[in-house]
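Enquirer: Have a look at this one.
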Amino acid sequence: MAMKRAASSATRSLLSSSSSTFSRNLHAPAERKKIVGVFYKGNEYAKLNPNFVGCVEGALGIREWLESKGHQYIVTDDKEGSNSELDKHLPDAHVLISTPFHPAYVTAERIKKAKNLELLLTAGIGSDHVDLKAAAEAGLTVAEITGSNVVSVAEDELLRILVLVRNFLPGYHQAVNGEWNVAGIAHRAYDLEGKTIGTVGAGRIGKLLLQRLKPFNCNLLYYDRLKMNPELEKEIGAKFEEDLDAMLPKCDVIVINMPLTEQTRGLFDKNRIAKCKKGVVIVNNARGAIMDTQAIADACTSGHVAGYGGDVWPVQPAPKDHPWRFMPNHAMTPHISGTTIDAQLRYAAGVKDMLDRHFRGEDFPEQNYIVKEGQLAPQYR
């Protein structure tokens, strides 16, 4: 009850609360704007929790606020194809809000059609659903709610590590199916203590994961383009690895915590997966396209990868015949890790704040920009 009261209070708070040559109306004067939001449908679950604001029906809890200021707010889940609701409303939209969980793929073609578009906002973190180069060339601002769901994702990564290392899923299925076969679970169940865990990327989520792993007495490694603060590194007890390929064979568990860019797309192909220790567990809540789809499925089938878990797929929603649905020893789900109720309230509040800043012609917090005045953020360059 205390959690519900706190969440309800957060919802009430949420509800109450000169142009560059590169920028298309970056700081436009106050006027009636058309905002389009693309979210997943809540359907029968929408009314079960008043704080479920991340769905179409919840609309981030900002409809009343936007309309009270005279703006038009269109919300839909229909985002695929030229006849979609998204494409219908794009030509005269000023702002497009999307999420990583049900992404509106903003291609160069769509950007060309959106003549009034000023701002692309990600309700969450990760803006690879946008053609960032095309957005920069068009003078659009692309921004996200940095930090809004990093705790949610880090917690989920820890969950999937334990699910796979402890071989939890076969036991769950036995319980559901009326079976009892301890050997069928125990022959490949291990303790997490003493294992070597490496994170590929140690930004906000990677650091939070390492901090949460410390009490498990693991050997912690990290690979990143930047070395973390020496004091934090010492506090966590993590060791920096300069060479990714040198780190991989040391790890019992590998966790992916890097953005999807031109450089990281397909990074874990057949050859790189072969460099991993036989029997490795891989968790990927970053982006599905960092992995070679078939290479992961083949490695799980052969046993070279003992388990693969995550909530991100190369295309979302994932096709019904996607090979990751059928490979052995996986812990895959739809893209859910960053859209807990707590995360929804945080990124909804962040969207409201950034829209308010945009309407007032004010800058966003610098860390929230992905594209600003024609320049991409460092992690996407």
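The backbone N, Cα and C atoms fix where each Cβ goes, glycine too.
Source: prediction; values computed, not measured.
Pulled from TrEMBL, these are the listed features:
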BINDING   I125, N149  substrate binding site
BINDING   R204, I205, D224, P259, L260, T261, E262, Q263, N285, D311, H335, I336, S337, G338  NAD(+) binding site
DOMAIN    65-362  domain 'D-isomer specific 2-hydroxyacid dehydrogenase catalytic'
DOMAIN    161-337  domain 'D-isomer specific 2-hydroxyacid dehydrogenase NAD-binding'
SITE      R287  site 'Important for catalytic activity'
SITE      H335  site 'Important for catalytic activity'
Enquirer: Other than its own, how many Cβ atoms are within 10 Å of the Cβ belonging to H335 (NAD(+) binding site)?
Expert: 24
Enquirer: For each of the binding-site residues (D224, E262), count the other CB atoms lying within 10 A of its CB, then report the residue with the highest count.
Expert: D224
Enquirer: Near S337 (NAD(+) binding site), which residues of its own chain have a C-beta under 8 A away, given they sit six or more steps off in sequence?
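Expert: The answer is N149, S152, V153, E155, D156, E157, N285, D311.
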Enquirer: Cβ distance under 8 Å to R287 (site 'Important for catalytic activity'), same chain, sequence separation 6 or more: which residues?
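Expert: For R287 (site 'Important for catalytic activity'), the qualifying residues are G126, D128, P259, L260, T264, V312.
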Enquirer: Within 10 Å of I125 (substrate binding site) (Cα to Cα), which of the binding-site residues R204, D224, E262, H335 do you find?
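Expert: The binding-site residues close to I125 (substrate binding site) (Cα within 10 Å) - there are none.
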Enquirer: Return the residue, from the listed binding-site residues N149, N285, with the maximum count of other C-beta atoms within 10 angstroms of its C-beta.
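Expert: Of the binding-site residues N149, N285, the highest Cβ count within 10 Å belongs to N149.
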Enquirer: Within the domain 'D-isomer specific 2-hydroxyacid dehydrogenase catalytic' (65-362) only, compute the mean pLDDT.
Expert: 97
Enquirer: List the same-chain residues at least 6 positions away in sequence whose Cβ sits under 8 Å from the Cβ of R204 (NAD(+) binding site), in sequence order, or say none.
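Expert: Same-chain residues close to R204 (NAD(+) binding site) (Cβ under 8 Å, separated by 6 or more) are T146, G147, V150.
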Enquirer: So for L260 (NAD(+) binding site), how many other CB atoms are inside 10 Å of its CB?
Expert: 22
